[in-house]
Structures are given as C-alpha cells and as structure tokens.
Amino acid sequence: MEASKWTAAAASIWIQCSCGASYAFGIYSPILKSSQGYDQSTLDTISVFKDIGSNAGVISGLLYAAVCRRGAARRTWIVHAAGAAQCLVGYLFLWLAVTGAIARPHVSAVCLFMFLAAHAQTFFNTANVVTAVENFPAYSGTVVGIMKGFLGLSGAVIIQVYQTIFPDKPTTFLLMLAFVPSLLSLALMFFVRAHPTATTDHEKTYLNGFSLISMVVAAYVMLLIILENVFVLAPWMRAFSLTILFLILSSPLHVAVRANKHEAEKLSSLPCLKSPLVMDNGTQKTIVTSDHEMNLVQALRTLSFWLLFVAMLCGMGSGLATINNISQIGESLGYTAVERSTLVSLWSIWNFLGRVGAGLMSDAFLHKKGCPRPLFMTVTLAGMTVGHIIIGSGFSGNLYVGSVVVGICYGAQWSLMPTITSEVFGVRHMGTIFNTIAIASPLGSYIFSVRVIGYIYDRNAGDESSCSGTQCFMSSFFVMAVVSLFGSLVALGLFVKTRRDYARIVRTRMLA
C-alpha cells in the first residue's frame, strides 16, 4: 500500500492493539505469586516496576526526538525495534521463571525483567502517538484518544486471544506476550512515520471512522465477556468469535484506503510541524509557528508542568493501584476466578471508553465552545474520587460499579495529558515531555500500591498469606479518594493557569 499518514495511522492502531500487556497483569500475577512464593507486598513491588517500565518513557521520547528530526522521519522504525527487543527479552525471562525452566530468580531480577517487558510499551506508544499528532495536528485530541484508546483496549483483546487459544494456561500467556507484540511491531514499523501534509476538511470524517471502529471493537469484546459469564462457550464458538474480532480489527485498513483515495489529488507539502497552534484557511489548514515551543528543561521550569505532574500523580497513580490489585480485591470480597478475570477484561473496556471519549469530547468542546482541556481533567479526577469510595465501601457488586467509574476516568487522563502537553509546551519535544510527566503514574502507583494498599492488606492478613473481608482494602481506597479529590483541585489550578493559552488558540482559529 502507498505510504501515507492514513497508512501510518492504521499500522499504529494495530500495534497499539497488541502492546498493552501491562493491563493484563491481573491474569498472570496469581501464577507469578504462587510459583515464586511471594507475599502481597512483594507482588505489589513487582507491579510497581511494571508500572515504572510502562510509564517512564523518557528514553523513548529522547530516542524519538533523536532519530525523527527533520529529514529523518522514516527512522521511526528504530523506536519500534527497540521496543520489540525489550518486550521479547522481558516476558521470555518471566516465562522461564514461572515455568521453572531456570532456577528461581531473585526478586530484584524479576523486577528488572518486569520493568524491561513493560518498558517496551513506552517505545511503541511514543512512536505511534507522537507520529499521529504530527500527522493530524488539527485534531490532536481525537487522534491521541484513538491511539490511547486502542492501547487501553488491547488488554481485553489480548485476553480474548488467550482465553480462546490458551485457556487456563497463564504461563503460556506470558510466552504469547513475549512474541505477539514484538513480531507485529517489527512487521509494521516501517509504515509508521510522519507525513507533513496539509490538513483537509474531510480529515475529521476519516478519523471518526477510526473512532467508530474502536467503539465497535469495544462493544463486541464487552458482548463476548458477558456471554462468557452467562454461557459456557464451546471451543468452536470461541474460535468463531475471535475470527470476527480479527475481521473487525482489520477494518482500519479500509478506512486508510478510502482516505488515501480521497486525498490522492489534494495533498500538498507543508514544512515540518513546529507548533501546536492551527489555523483554518478554507479547505486547507496550515500550521502557525508558536512562541511557546519548549524542550524538557524549559518545561520543567514552568508551574504548568508541575501542576500537570501532581494531578497525574494523584489520578494515574491511584488508578494504576486499582487495576494492579483488582484480582486481590475481588478475591478478598468473595468474587470467583471467572468474575475476577471478567473485571480485568472490563477494565480495559472502561479504560478505552475514557480515552476515546475524552479525546472526542475535549476536541469538540475546544473547537465549538472554547473549553480548555484541563477542565475535563478536573472533572475526571473528581469522578475518580467517587469511584474509589464505591470500591472501598465493599457493598455487593461494588467492584463492577467502581471499576466502571475509575476505569473511564483513569483512561480519560491518558488521553488528556499528552494532548494538553502538546498544546501547552508544543509538539517538537512532546514525546520527551509527556513521558516525563507520565513518571507520575508509577511513582503514585508505588506510593498507593506498596505503602498504602500492600501495607494495610498485610497488616489485616496478620500471619495468613491472604486477607478476606471489606477491611482488607476499605481504608486504602478511602485514602485514595481523598488524594484524587486533591488532584482535582490541582487540575483546577492548571485550568486557571492555562485558560489564557487556550483562549489564544481559540481566537487564532476564529480569526483564520
């Protein structure tokens, strides 16, 4: 197929669908815990290294900036190749450890390779997200939501593959995580590169096509999850449903073909993207150079950076702590193994809805109402407060309700944060800056998972290896509810701080 920004978008979507293995930690964490003889605090420590790896993408941002400078956009494949190597080595080691193929490794070695396996995700994600923003600057919120949405959905997709081909074999699942994302990214990496072209009026139509496909995938996967909990599906039925899922996932190619055909006679060259500000001149939108294009060092000196960092520390950190412990929470409250697996899968759906929904809604409100994106971050953090209270209350079915609220609000932050970064600090160093801010996520996860959840859980468990009852996690989630509320107030401060910047963006577009 002809290389274009639409081909790059389709290839990025497929890679994003496979590389979110960190969201499926709840599937293999029980076998990791039992095979290595870990207590809950040790398992939480390993999960923190997973979180650090999957979020601390500063190296991937620096690598992208180095190999994808002006005139070198085709070398995005280097970032993907680096991610593929880490994914293969990291998960392969974990598989060897769990199966007993090697002597039981020290906890520090497991943490290292868990970090390495998860760290691959930042390389895939940085290459795909930043390339998408460079290709579609006028709709950065929408395209970031699409890329982040498919990443959030990938956990549920991967689990469907696992349950169909390797049911009840979590060790084989680790082997699958080692090879599938690595091989897929190596096969598609040369298609993912920036194509600096004019933004046309029909661009939004085809981006909405990608969004619609993502929603169809989410709805279909959710239907499969519900059916699996109501009925016992025969192997041939699972195989058939997985085939349908793959067919739906192939449809971005159709959108890309249609978009390429539409643009065949309309594309014109533009200088490389420098600025987050966009002007609309009739049928073509041109990029306006901004005076607030910042590198990482300059961004670190601003109040906006630290307000965004603290808000993410509160929101993303508590959200990660929730998903990392959702199986253990369900176990303590008497949920069955199937129900706990369902909760992990559904989390990916809610996470996806938050990412895509926040991207679409924030773009719409910004374009039509002039509403700054940080206001959406304020609302989602307030929503997380409610979700944590629901989970901590321990009433019947609380995890289903609470995981919906926390999952959607958590996903929304992953869509909003990179987009806000590109608009406040510029696109040139976006990969490095938003990956630096993302460090707040594993840092917060460590504080909440190990120092709060793990400590309180082990104290309630006493001499036993496990804890049962609402007291195991209630206090922890009430603490995280207070923290999320504080994060909402910080995000409100960011809204006040940046409202003039967003007013300038809106005025520029209106005057164009």
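Cβ atoms are placed via backbone N, Cα and C, with glycine included.
Annotated domain 'Major facilitator superfamily (MFS) profile' per TrEMBL: 303-512, in sequence order.
Taken from TrEMBL, the feature transmembrane segment applies to 77-97 (among others).
What TrEMBL lists as transmembrane segment is 103-124 (among others).
Under the heading transmembrane segment, TrEMBL lists 136-161 (among others).
For 173-194 (among others), the entry in TrEMBL reads transmembrane segment.
TrEMBL lists 206-227 (among others) with the feature transmembrane segment.
Beyond its flanks by at least six residues, the transmembrane segment (239-257) meets 1, 4, 6-7, 9-10, 13-14, 17, 157, 160-161, 164-165, 206, 209-210, 213, 216-217, 220-221, 224, 233 of its own chain at Cβ-Cβ distances under 8 Å. According to TrEMBL, the feature transmembrane segment maps to 239-257 (among others).
Residues or ranges marked as transmembrane segment in TrEMBL: 303-323 (among others).
Feature annotation from TrEMBL assigns transmembrane segment to 399-420 (among others). For the transmembrane segment (399-420), same-chain residues at least 6 beyond its ends with a Cβ under 8 Å from one of its own Cβ atoms are 129, 133, 140-141, 144-145, 148-149, 151-152, 308, 312, 315-316, 319-320, 322-323, 326, 329-330, 333, 335, 343, 346-347, 349-359, 362, 373-374, 376-377, 380-381, 383-384, 386-388, 390-391, 430, 434, 437-438, 494, 498.
Residues annotated as transmembrane segment in TrEMBL: 432-457 (among others). Away from its own ends, the transmembrane segment (432-457) comes close to residues 40-41, 44-45, 47-48, 51-58, 60-62, 64-65, 122, 126, 294-296, 299-300, 305, 308-310, 312-318, 320-321, 324-325, 328, 417-418, 421-422, 425, 467, 472-473, 475-476, 479-480, 483 of its chain (Cβ-Cβ under 8 Å, at least six residues beyond either end).
The transmembrane segment annotation in TrEMBL covers 477-496 (among others).
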Sequence-remote partners of the transmembrane segment (477-496) [C-beta within less than 8 Å, at least six residues beyond its ends]: 304, 307-308, 310-315, 317-318, 321-322, 372, 374-375, 377-379, 381-382, 384-386, 388-389, 391-392, 420, 448, 452
Mean pLDDT for the domain 'Major facilitator superfamily (MFS) profile' (303-512), as a whole number? 89
Take the transmembrane segment (173-194) and find every residue of the same chain, 6 or more past its ends, with a Cβ under 8 Å from one of its Cβ atoms. 3, 5, 7-8, 10-12, 14-15, 18-19, 21, 24, 27-28, 68, 73-74, 76-77, 80-81, 83-85, 87-88, 90-92, 94-95, 98, 117, 120, 124, 127-128, 131, 134-135, 158, 161-162, 165-166, 272-273
Under a Cβ pair cut-off of under 8 Å, which of the recorded stretches 77-97, 136-161, 303-323 contacts the transmembrane segment (103-124) most often? 77-97
By Cβ distance under 8 Å, which residues at least 6 away from the ends of the transmembrane segment (77-97) in the same chain are close to it? 15, 19, 21, 28, 32, 35-36, 53, 60, 63-64, 67-68, 104-105, 109-110, 113-124, 126-127, 171, 174-175, 177-179, 181-183, 185-186, 188-190, 192-193
